[in-house]
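Here's the structure we're looking at; comments come further down.
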Amino acid sequence: MSAGKQGDALCFFINGKKVTENHADPETMLLPFLRQKSILQTNLLLFIKVMFDFMPFCMVPGMIRTQIALLEIVYFDAHAVLFLVFLQICNLCRCTGYRPIVEGCRTFCQEANCCQANGAANCCLNGEKNGDEPEQEKPQLFDKLDLLPLDPTQELIFPPELILMADTTSPQTLTFHGERVTWVSPVSLEELIQLKAKHPKAPLVMGNTNIGPDMKFKGILHPLIISPTRVKGLFEVSQTPQGVWVGAGCSLSELHSVLEKLVPQFPEEKTEVFRALNRQLGNLGSVQIRNVASLGGNIVSAYPNSDLNPILAAGNCKVSVISSGGRREVPLNQDFFVGFGKVILQPEEIVVSVFIPFSRKGEFVQALRHAPRKEASFATVTAGMRVMFSESSRVVQDVSIYYGGMGPTTVSAAKTCQAIIRRPWDDETLSQAYDILLEELALPPSAPGGKVEFRRSLTLSLLFKFYLEVLHKLKAMNVITDEVPEKIQPLPREIQPGLQEFQPVSKDQSNHDAVGRPMMHRSAISQATGEAVYCDDLPKIEGELFLMVVTSSRPHAKITGLDVSEALQLPGVVDVITTKDIPGKKVRTFCGYNEELLAESEVSCIGQMICAVVADTKAHAKRGAAAVKISYEDLPDPIFTIEEAVEKSSYFEPRRLLQRGDVTEAFKTVDKVYEGEIRIGGQEHFYMETQSMLVVPVGEEMEFNVYISTQWPTLIQDAVAETLNIASNRVTCHVKRVGGAFGGKVTRTSVLASITSVAAWKTNRAVRCVLERGEDMLITGGRHPTLGKYKVGFMNDGKIVAADFQFFANSGNTVDESPLVAEKMVLHMDTAYNIPNLRGRGTACKTNLPSNTAFRGFGVPQGLLIVENMINDVAMVLGCPADKVPPQPLLPRIREMNMYRGPSTTHYKFEFNPENLLRCWEECKRRSDYSARRGAIEQFNEQNRWKKRGISIIPIKYGIAFSDGFLNQAAALVHIYKDGSVLVSHGGTEMGQGVHTKMQQIASRELHIPPSKIYISETSTNTVPNTCPSAASFGTDANGMAVKDACQILYQRLEPIRKKNPKGTWESWKSPPTPIMDEVAVSDCIFLFVLRGPDLYVDWDKMEGQPYAYYTYGVSCSEVELDCLTGEYRTLRTDIVVDIGKSVNPSVDMGQIEGAFMQGLGLYTLEELKFSPFGLLYTRGPSQYKIPAVCDVPLQFNVYLLPDSDNPYAIYSSKGIGEPTLFLGSSVFFAIKDAVAAARSDSGLKGPFSLNSPATPERACLASASPFTQKVPASKPESFKPWALDI
């Protein structure tokens, strides 16, 4: 905070606590301010316990806040609460799958009394009851008696002091001076006009939803900002006979409220514009955004894909503007928007109010939009359409059509309108209009934003939807009497009750034994309330510096110059760290290849780290980094795509091959041979906590403490020690908890930690490094984009005889763990199927994109999608005669026919029993009622032309543990203190997956004490050395056994005391006169146990081995409904059956299953990384990169744990579950493909077709081949340079 010029004091309240800041800097965002002041480290607000019971999560307390606010709005209105939560919670979470949040809210709704809300296995809503079975105790997720009733009288009230300040008769202009920016808040319209006349370039800020992000993410500097939020003249609402004037300062939520109150007061024919605007407002941003974003700001921001501007323009709205030169009214039409982000207004003019007119009789207005995600997403294309008919006629008197997302501005389809005016509203008129519209809105193939064919088809589809809507209204008014096409109903959106079926706990198990029970995640409450401490929550140390990395702006170039002089002159900058400053190893070695920590002479991707700036604050470090000047000499022919890498033989070795049988000969014996391919895009980890670390020099003998968010503390310890050229015993790595990782906080984190440690060593000061979201996405890579090619030979009955796969992974510029990822694709290519002649080759391709790394599933989600797509193609090649209905749906029949059965051997000669795989398959078919629903879907598709449904059922066989045996070891340190409390340390890191909770349960069982007496503080290298990574779904297996054995040994050492008092309890043993420590040596109550895991291996020369300890099995059935005109879909229902042995904690495992499924759903249907033609990642934040939100959860989501399953290879017969079910998200992908196939059938298209992953609305729409998409001419790929690469 700058204390240069004296400004006003800023006063506000957080949770009822008054905060006064005397030196408020306008450039400081709220969240970092709260962190700096430690204001967030308080108990925010407990919501409802059920949310914490379902699973661990790293969700932000904002979700709790949003739900509390919704409850206050609609208190006791059960249906409205649930509906609003489903629609309006736009906070993102990467771990939970969102169901715990929705279920938490459901406890306030009427159906909360349903048996399933408390975890019952059979639900009255599902009509299930097992009358033949004895009634068993149902696992309880929570006890309602523990929950306090909602009491609205106890809510925090709006601070009276602020009310009095706002109501003062003589408000004063407020001014806040920052280091570079001054913020002025005037109180009158006259003062605002004077300020704007004097400073015409100063932006007006109301909700700061536009200027704020520009300043933070784009580095735009505004020396003066004017905030007229207290100018009452901007918030006035007045009504005239022609319509309503709404103050430009009104928030979008206030606009919605105004229009909602006006609609019932007038005849329906007068409120067409009002209702269209309200519908569009419901889809614009989130509640939080709409609460602060202003109407005037939304208009003059002039975003090309604006939601409101097209409908305001089509509805003949206008704005009233004022300046020192007077007041005038300006119509919102095609002349108002003059360029990207520019309008016709003069710089000194201020929008005071917006006029929204009443509609007239015979006039119809509609707003339409399409966005990459169903809610809380910038639109791809928006439209505002208005048509006026002559009285009692279908002849068009006037029409107005505007689009957003079809150019740099909101555009008018004026020629199309002219072709419609004075003509009847019928198919012939609209058919001609489509052709004119395509010609009028001709986007160039390289247009910014890409998706050109899709966007052009959307203009036609949205016009067609408007046409149908109006046609049905004319029919209802008896203006037309002939038959009209089907009305397109919105996709279903209301969430239905789901079901979670746990495994019952044995009656013989002690009530005090926590194992197998749905115990709450041990830190769930502190995480949900904001009390949990993450790396960046650690208090600032005196003299602490902040590190900001400087990255390459070229994909392939020599570094010819590095000038840091300007950066070193900036305020607060302390030093610039380059590779020359590294005292030890300047590289990290992965898979036999060296990777530079900081590039010295050459860069090989955009985003490669070159140097780092350290300064006294993050803001100063950021400015210093921007001031570093780097000159380059470009090198020829950068490689970006897999095809380019294959063409130039750009690979990382080794390349892997596995084979069984004689594939070549087998192809000669089959009835049919088919060759195909599919692409799977990359995926960003998008953990909620970005890469974060704090390196602190202890002050003597080169000792360092590293506080870090990582999956592998020992790797960080080794990396820092090697980089600083010191012994590992001088480095202690501490991990309290990790805010999500998914594989992304292993190798990439070690590189960043090494650089940060050099800065701490050189300056001898603590150095913190916390990447911003955009930096994290640019630098750290993600899941490998993959190209799969296959050749399959099969018989006419669907039996697959031979298959040959090639897996190509786009590794990026460094090796990281890419060869291991390609290996795992090959190892899992048999999945659930026994193909007698099978061959697979895995290749890691070297390109000039940022290095990709481990990601949940480690190549398996890519590889198995390729295999399942091959199965899908076999079914589509075989097809089914129209006059013959097969005994069961073709695809499941082919899958079943080719599954492993009985004692089996994999393609790497490992014997296993697939019995539980087949049980999961049959159970999922039964639970999902697959056959009956397939028939209902076929009937639905026959009755609907523009909407189709699809269903798919997908199995998985997933190998658990590391294929390199040395990585499967673990250790645990257990302390028993004098008061009887127990401290457990182990090698696993808590990432939200609940490993600490499970260790607590295990120790509780083995020591025969309640879990409340057991504490796990952190994971650190000075308590448990030489740990292995928390990965490969093996954390509980390895660490759990170590904790179990350590506790058993300690329990045996306490045998003498138990014998003296055999009827005593833990409390009596620790009480006088025979306290534990009087009878047992201190050393006997501290035990470190090191466990060596299974000796797993693969002999690649012999093509055999045992790479996995056992398999986790699962099956998922999903049904979707697809809008063929836009590609939008809803997952109507998902049923999952998973074999996880005997679960240690079913609620935690259930959360892992659902969270992984949703992450898989994102991978296969939603999340899309976009790179420029020069290798720059476009999608570097949540506004460009869409992960699943609440709206993407299946509307009915049922998960069942397979009963009566044993696993002798893991602790308490459990199974690893963190990764396997991610692939089950592909059931949604194949359900979409099934729906697309039905749409293509209506267009006369049969047989296999290409649908790459993710199956975004764009891909689904274009693949559906509707008459509108077929109207759009495809551009020749070689005739233009695309906006984005096809990675």
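Quick reminder: no glycine exception, Cβ is built from N, Cα and C everywhere.
Pulled from TrEMBL:
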- Cys93, Cys95: [2Fe-2S] cluster binding site (BINDING)
- 176-361: domain 'FAD-binding PCMH-type' (DOMAIN)
- 204-211, 294-298, Asp307, Arg369: FAD binding site (BINDING)
- Gln711, Phe742, Arg856, Ala1032: Mo-molybdopterin binding site (BINDING)
- Phe858: substrate binding site (BINDING)
- Glu1219: active site, proton acceptor (ACT_SITE)
Q.
What whole-number Å value do you get for the CA-CA distance of Cys95 ([2Fe-2S] cluster binding site) and Phe742 (Mo-molybdopterin binding site)?
A. 9
Q: Find the one among the binding-site residues Cys93, Gln711, Phe742, Arg856, Phe858 whose C-alpha lies closest to that of Gly296 (FAD binding site).
A: Cys93
Q. Looking at the recorded positions Cys93, Met206, Asn208, Glu1219, which ones sit with their CA no more than 10 Å from the CA of Arg856 (Mo-molybdopterin binding site)?
A. Glu1219
Q) Residues near the Mo-molybdopterin site, Gln711, Phe742, Arg856, Ala1032 excluded, by Cβ within 8 Å of the Cβ center? A) Ala741, Gly743, Gly744, Val746, Ala854, Phe855, Phe858, Met991, Ser1030, Ala1031, Gly1218, Glu1219
Q. Do any residues at least six apart in sequence from Asn208 (FAD binding site), in the same chain, have a Cβ closer than 8 Å to its Cβ, and if so which, in order?
A. Val292
Q | Spatial neighbours of Asn210 (FAD binding site) that are distant in sequence (at least 6 apart) but have CB under 8 A | A | Gly297, Ser301
Q.
When you rank Cys93, Leu204, Met206, Ser294, Arg369 by Cα distance to Ala1032 (Mo-molybdopterin binding site), which of the binding-site residues ends up on top as the closest?
A. Cys93
**Q.** Residue from Cys93, Gln711, Phe742 whose C-alpha is spatially nearest that of Leu204 (FAD binding site), among the binding-site residues
**A.** Cys93
Q: Measure from the Cα of Ser294 (FAD binding site) to the Cα of every one of the recorded positions Cys93, Gln711, Phe742, Phe858, Glu1219, then give the nearest.
A: Cys93
Q) Nearest to Cys93 ([2Fe-2S] cluster binding site) in three-dimensional space, by Cα, is which of the binding-site residues Met206, Asn298, Arg369, Gln711, Phe742? A) Phe742
Q.
Looking at the recorded positions listed here (Gln711, Phe742, Phe858, Glu1219), whose Cα lies nearest to that of Met206 (FAD binding site)?
A. Phe742
Q. Should any of the binding-site residues Asn298, Arg369, Phe858 have a Cα within 10 Å of the Cα of the residue listed as 'active site, proton acceptor', which are they?
A. Phe858
Q) Can you tell me how far the Cα of Gln711 (Mo-molybdopterin binding site) sits from the Cα of Asn298 (FAD binding site), in Å? A) 43
Q) Measuring Cα to Cα, how many angstrom lie between Phe858 (substrate binding site) and Asn298 (FAD binding site)? A) 43
Q: Please report how many Å separate the Cα atom of Asn298 (FAD binding site) from that of Phe742 (Mo-molybdopterin binding site), as a whole number.
A: 37
Q. Across the record's Mo-molybdopterin-binding residues Gln711, Phe742, Arg856, Ala1032, the largest CA-CA distance in angstrom?
A. 12
